[in-house]
C-alpha cells in the first residue's frame with residue numbers, strides 16, 4: 001500500500017467538522033487575513049498553501065486558539081466556538097503540531113504524551129498504565145520503532161514530530177493541523193510522516209496540512225485551499241488542479257514598481273566569492289559564484305538551506321566539505337571574526353536577535369563590528385558612520401537613541417551601517433527587507449545598486465519573489481539543501497516557485513512502503529534494506545539505543 | 001525488546017553505522033555513583049598509605065554526619081533547581097529554624113513537638129514567600145531568594161546575639177544517637193530521601209516540576225499550573241532546610257544565628273549540580289544529589305584525616321565541581337537531536353555502489369568514509 005494511492009481513495013463527502021467563515025485578523029493595524037472561508041471534513045487531508053507571508057500560519061494559529069480572529073465565525077460540528085487558549089482547542093478535539101515542538105526533551109515519550117493529565121491510582125501516578133496506554137497507541141498507529149520509555153531528546157526530528165502527533169491522537173483529536181511538518185525532515189523521514197497521515201485519515205481524523213512542497217501536497221492531500229496576501233483565493237479538490245495551475249494561483253500579483261533600475265554602467269567584474277562543492281549537515285554540493293558588481297539572489301522556500309549557505313560563508317556554521325574562494329584564492333572561514341577580516345559582511349535574517357544590541361545606542365551599534373574586529377583603527381574608521389547613516393536616510397532624533405525604539409526600517413539601516421563601515425567587498429543580505437516599510441525597502445534597494453556600482457558583490461537571500469526578480473542579475477534556486485537550478489535575471493515568479501517547490505518533477509513519486517513500518521521484531525537487521533531509496537541500509541539503531549532509564 | 005526499525009531514519013542511523021555500534025550511555029546518576037566509588041577507593045588508598053583506616057567507625061560516623069546536614073538542604077535544593085529556580089536563602093532558614101526550635105523548646109521536653117512544628121512552620125513560611133515572589137511577582141529566583149535571605153539575616157542579627165534557647169536532652173539524641181555507625185539523623189535523611197523520590201517520580205506534582213523546569217511554556221500549554229509547582233518546590237526546599245536547622249540545633253543543644261555562615265546555600269547547589277541535576281532545570285534526581293553530598297562529605301572526611309590545609313581543600317573541591325559539570329555539559333550535546341539533513345551524505349556522494357540499494361562496501365566497518373564526513377560522524 002502506498003500513500004499515493006490513498007489520495008484518491010478516501011471519501012471526503014459529508015458535513016464539515018470545522019467550518020470557518022469570513023475569518024479576518026489585524027495585527028497592529030495591518031490586516032493579515034481577510035474573509036477566509038475554510039471547510040474541513042472528517043477523513044480529509046486538506047492542504048493550506050500560499051507564498052511566505054500569505055497568512056497560512058496566522059490562520060493555523062487562529063484555529064489552534066493561539067490568536068483570536070477579529071472577524072468571522074468558526075464552527076465545530078455546526079456549533080460556534082471561540083477557543084480561549086490552545087488548551088481549550090485541544091480539549092475540543094482540535095490539536096496543532098507546530099514547527100517548534102511542545103515537547104520536553106528530557107522526558108520519555110509516555111511522560112510527554114500524558115503531560116499534565118497523568119493517570120493516577122491512589123494518588124500515585126500510574127506509570128505502568130501510562131506506558132501501556134502509550135505503547136498501545138503507538139502500536140495502534142503502526143509505530144513499532146517508538147516505545148513509551150524512550151527519551152524524547154534522543155529521537156530524530158521526524159520521530160519527535162510523530163510523538164507530537166501521537167499526543168494529539170491521545171487527546172482524541174478530530175482535527176490535527178500540521179505546520180510545515182516536513183520542513184526539517186530528511187527525505188526518508190518524510191515517508192514515516194506520510195504513513196502516519198494515511199493512518200489518521202483512515203481513522204476519520206481531519207488533517208489540515210500546511211506545506212510549500214507541491215509534491216507532498218499532490219501525494220497526500222484531498223483538498224487544497226490557496227491563500228494569497230491574506231486573502232482566500234480558492235478551494236479545490238486535488239484531482240481538479242495541476243501543479244502548474246496551483247503555482248500560478250499562489251503567486252502572480254501586480255508588479256510593485258518601486259525597484260530602482262540597474263545603472264547600465266554596472267557590469268559584473270571578476271569573481272569575488274565562489275563556493276565549490278560546499279556542504280555541511282544542512283546544505284550539500286553548493287557551487288556558486290558572485291562577481292564584483294553583481295547581485296546574485298538565492299531564492300527558495302523557508303528551510304531550503306539559504307540561510308545555512310550564508311552561515312557557512314560567514315563561518316557561523318562552517319562548511320565541512322568543499323572550498324570557499326575569495327578573489328580566486330581558497331580561504332578557510334571558521335568564525336565570523338575571520339569572515340569580517342576577509343572583507344565579508346552578513347546582514348542577518350533576524351535583526352533583533354542577531355543584528356543589534358537592542359538596548360544600546362545607534363552609534364554603539366554602528367561601531368560594533370569595528371570595535372571588536374579592528375579595535376586599533378576603530379575610532380578613525382568610525383568617523384565614516386555619520387555619513388553612512390545620513391546616506392541611508394536614517395530617521396532618528398539622536399545618535400544616542402536606543403535602537404530598540406527605532407522602527408524596523410531604521411533598525412535595518414543601523415545594521416547596514418554597521419557593516420558598510422567595515423568596507424566589505426562581499427555582502428550577504430539575508431532577508432534584508434523583511435518587516436520593514438516601503439520607504440526603507442527602497443533605501444535598501446538603492447543601497448544595493450550603489451554598492452554594486454562600486455564593485456561590491458552581493459548575495460541576496462530573499463523570500464520575496466518580486467524583489468528577487470527585480471533586483472538580481474542571476475537567481476539561484478535552493479530546494480532541500482541543494483541548488484535546484486539557476487535562472488537568468490527577469491525570470492518570472494512562477495518559474496522560480498516551480499523550481500523551489502519541485503513542481504516540475506512530480507513524476508518522482510515518493511513511495512511509502514507500509515510494510516517497512518510493520519517489520520516484525522527480530523527482522524530488524526534484514527528487512528529495511530529495500531525501503532530506502534538512497535541505498536544506505538538503515539542501521540537498527542534503536543536496538544542499540546540507551547535502555548538505561550534515567551534513574552531517580 | 002520492541003525496537004524494530006519502522007522509524008528507519010538513515011540520516012542519523014548511517015552516521016552511526018560508520019562509526020561502529022553506539023556505546024550504551026550510562027545515566028548521569030550512574031556516573032555520579034561511579035565517581036563516588038572512585039573517590040572512596042582513592043581516599044581509602046591514601047589513608048591506608050599513611051597507615052590509617054578510612055572506613056573506621058569514627059571516620060564513617062564523621063562522613064555520615066557531614067552527609068546528613070548538607071543532605072537535607074541539598075534534597076530541598078534539588079526540587080527547586082529541577083524547576084529551573086534557585087534558593088540562596090537556605091542557609092538563613094537553617095539558622096532561623098534552629099533558633100525557633102531552641103527558643104520554643106526552651107529546655108522543656110514536653111515542648112519538643114511544639115518546637116519542631118514551629119521551626120518547620122517558619123521554614124515553610126519562608127519557602128512560601130520565596131515561591132510567591134518568584135512565581136507571582138516574577139522576580140528572578142536568584143534575586144528573590146537572596147533578598148529574602150538578607151531580610152532573614154538582618155532579623156537574626158538584630159534579634160539574636162549569640163546562641164539562644166535550649167534543646168532538651170531528649171531531642172539532642174536526634175543529633176548524637178547512633179545505631180552502630182549510623183546516626184539517627186541519617187535514618188531520618190533516608191526517610192526524607194525516599195519521600196522525595198516518591199514525590200518526584202510517582203506523583204503528578206513531581207512530574208509537573210520536571211515539566212516546569214524543562215520548558216515552562218510547554219508545561220503551561222499542557223494545562224499545568226506552573227505557579228503551583230514552583231511554590232511547592234520552594235516550600236519543600238525550605239522545609240528540608242528547616243529539618244537541617246532542627247538537626248543542627250540538636251547537635252549544638254542550642255540555636256545559633258551564625259549557622260548561616262556555614263555555606264549551606266552554595267554547598268547545596270554544588271551538591272545538586274555534582275549529582276547530575278541540570279542547573280537549567282528539567283533533569284535530575286534526588287539519588288544523584290545524595291551521591292553529590294556523599295562525594296563532598298567523603299572529600300571532607302579524607303581531607304580531615306589526612307590533615308590537608310583548608311586552602312588546598314577548597315581548591316580541590318572547586319576543581320572537582322567544575323570538572324563534573326564540564327563533563328555533563330559535553331554529554332548534553334546529543335547528536336541525535338540536531339536537525340541534520342545531510343549527515344548520511346558520504347554514501348550518496350560516493351561514486352558507484354550507492355544507488356542499487358546495497359550497502360557500499362566498507363560502510364559497516366569502523367573506518368570513516370573517504371569524504372570529509374568522518375568529522376561529522378564522530379563530531
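Using the three backbone atoms N, Cα and C, a Cβ is placed for every residue, glycine included.
If you check TrEMBL, you get these features:
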- B:1-23: region 'Disordered' (REGION)
- B:1-20: compositional bias 'Polar residues' (COMPBIAS)
- B:31-49: transmembrane segment (TRANSMEM)
- B:61-82: transmembrane segment (TRANSMEM)
- B:89-106: transmembrane segment (TRANSMEM)
- B:112-132: transmembrane segment (TRANSMEM)
- B:139-156: transmembrane segment (TRANSMEM)
- B:176-200: transmembrane segment (TRANSMEM)
- B:230-253: transmembrane segment (TRANSMEM)
- B:259-279: transmembrane segment (TRANSMEM)
- B:286-305: transmembrane segment (TRANSMEM)
- B:311-329: transmembrane segment (TRANSMEM)
- B:348-379: region 'Disordered' (REGION)
- B:357-379: compositional bias 'Low complexity' (COMPBIAS)
So if I exclude everything within five residues of the ends of the transmembrane segment (B:176-200), which remaining residues of that chain have a CB under 8 angstroms from its CBs? That is, six or more out.
57, 60-61, 64-65, 67-69, 71-72, 75, 78-79, 82, 206, 209-210, 236, 240, 243, 247, 250-251, 285-287, 290
Within the same chain, where does the transmembrane segment (B:230-253) have neighbours whose Cβ lies under 8 angstroms from its own Cβ atoms, ignoring anything closer than 6 residues to its ends? I mean 6 or more beyond.
68-70, 72-73, 75-77, 79-80, 82-83, 85, 87, 89-91, 93-102, 116, 119-120, 122-128, 130-132, 134-135, 163, 165-167, 171-176, 185, 188, 192, 196, 199, 205, 209, 212, 259, 264
Any contact between the transmembrane segment (B:259-279) and the transmembrane segment (B:311-329)? By contact I mean 3+ C-beta pairs closer than 8 Å, pairs at least 6 apart along the chain.
yes
Considering the transmembrane segment (B:311-329), which listed stretch of B:31-49, B:89-106, B:112-132, B:139-156 counts the most C-beta pairs under 8 Å:
B:31-49
Counting only residues at least 6 beyond its ends, the same-chain positions whose CB falls under 8 A of a CB in the transmembrane segment (B:139-156) are 80, 85-89, 91-93, 95-96, 99, 126, 129-130, 133, 257, 260, 265
Distal contacts, the transmembrane segment (B:286-305) - CB-CB under 8 A, six or more residues away
28-29, 32-33, 35-36, 39-40, 43, 46-47, 52, 54, 59, 62-64, 66-67, 70-71, 74-75, 77-78, 193, 196-197, 200, 267, 270-277, 312-313, 316-317, 320
